[in-house]
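Engineer: First the structure, then my questions, so here it is.
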Amino acid sequence: MSHSACPKPATARHSQALTGEIRIPGDKSISHRSFMFGGLASGKTRITGLLEGEDVINTGRAMQAMGARIRKEGDVWIINGVGNGCLLQPEAPLDFGNAGTGARLTMGLVGTYDMKTSFIGDASLSKRPMGRVLNPLREMGVQVEAAEGDRMPLTLIGPRTANPIAYRVPMASAQVKSAVLLAGLNTPGVTTVIEPVMTRDHTEKMLQDFGADLTVETDKDGVRHIRIVGQGKLTGQTIDVPGDPSSTAFPLVAALLVEGSEVTIRNVLMNPTRTGLILTLQEMGADIEIIDPRLAGGEDVADLRVKASKLKGVVVPPERAPSMIDEYPVLAIAASFAEGETVMDGLDELRVKESDRLAAVARGLEANGVDCTEGEMSLTVRGRPGGKGLGGGTVATHLDHRIAMSFLVMGLASEKPVTVDDSTMIATSFPEFMGMMAGLGAKIAESGAE
């Protein structure tokens, strides 16, 4: 099931000041985990603010296929979970569509069950490597039948009893860390993840909220040791999902670039493992005011007031990459309008996202007149303040929602329009994007539709 069955190109044109107030859809990471942990916990979980994109809904369907009962009443999702250790073998393969997070976390969750579970996905997901999650599962006793290169379609055959392991995560990946911790939920004894570089910590925080026996210690070198005691009880919770910082990035950068704009974005997740983009834009001279910082569901949340700003190029420290890995495409757009040179390094993870995101961004920038250099793990962008001469190109999105949204943002501020070859897959993470941007005054339309 590929999104490109009927591609819908879209075009963004130079827009007047963007103004207004918006509330961003719920955070994707927390939404996936809310469905998973709610489906696994005993009793009832109630979720408000859930991101209802296709990716998250696919995770919900997978949990239903393994015994969880999920329904929606008004704005509230209500889950009756099966209880930790009580997932059922699904009758058919679990279809994750385009959702890498949903697929990888669920592999961890079900791998240590004494049952057979098959995973399938769309053309884009079937190209993405799963070995980074499968390798620790193999150490725990899980058998894997996979397509070449540890890709989907694949089947996990769980052991009678899983072995607890201590696993040092070889790359900065919250998905790998989370998959091992979730596998540890159904494993006797203590499963340990050693994380040299901290990544988003929603799994740890939320598992603790659900009652898991999970502890985190940071040693003197800054290495995190996360221990989970398996086979404990999880209890249903009430969750209000804060707004997704990765989705916030698009209207935020648009407001910075379109002259005269002032936009307020409500209820944004400000977890420090996710705010690298805001920090970087502020270093570039962005006028971003953080209003009413508060705690909601154990997470830092705030409102952002964003005003059009003259940006200047910066060197982004590579160690910041894990806290903004999904935001580099739209940062590259901001850099295209900044004075001077912006250097982004440590981007190897971008090569294994929904597309080779680094190459896709570089090609899109070149097609629209931006002077940039793509390195093996880096991207250097030399900007043109005011966007003079930029635009006029069509961007190949490679079924990647973030590439599509980033270049539509570009077209709002560039001299000439920017077209993306497909916009259908924006629905995977931000179904309201087109309507929300139009409400602020952005000129974005499906091509052929005026």
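Our numbering is plain: 1 for the first residue shown, then up by one each step along the chain.
From the backbone N, Cα and C atoms, a Cβ is placed for every residue, glycine too.
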Engineer: Of R224, R227, R305, R402, which does Swiss-Prot put in the phosphoenolpyruvate site with K28, G100, R128, Q175, R357?
Structural biologist: R402
Engineer: To the nearest whole angstrom, state the Cα distance for the pair R357 (phosphoenolpyruvate binding site) and Q175 (3-phosphoshikimate binding site).
Structural biologist: 18
Engineer: Indicate whether S173 (3-phosphoshikimate binding site) is helix, strand or coil by DSSP.
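Structural biologist: SS state of S173 (3-phosphoshikimate binding site) = coil.
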Engineer: Within 10 Å of the Cβ of R128 (phosphoenolpyruvate binding site), how many other Cβ atoms can be counted across all chains shown?
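Structural biologist: Looking across every protein chain shown, the total is 20.
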Engineer: Let me check the 10 A CB neighbour count of S173 (3-phosphoshikimate binding site). How many other CB atoms are there?
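Structural biologist: Other Cβ atoms within 10 Å of S173 (3-phosphoshikimate binding site): 21.
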Engineer: Return only the integer: C-alpha distance in Å from D326 (3-phosphoshikimate binding site) to R128 (phosphoenolpyruvate binding site).
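Structural biologist: Each residue's Cα considered, D326 (3-phosphoshikimate binding site) and R128 (phosphoenolpyruvate binding site) end up 16 Å apart.
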Engineer: Give the helix, strand or coil assignment DSSP yields for K28 (3-phosphoshikimate binding site).
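Structural biologist: The residue in question, K28 (3-phosphoshikimate binding site), is helix (DSSP, three-state).
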Engineer: Of these binding-site residues, K28, R33, K353, R357, R402, which scores lowest on Cβ atoms within 10 Å?
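Structural biologist: Among the binding-site residues K28, R33, K353, R357, R402, the sparsest Cβ neighbourhood within 10 Å belongs to K353.
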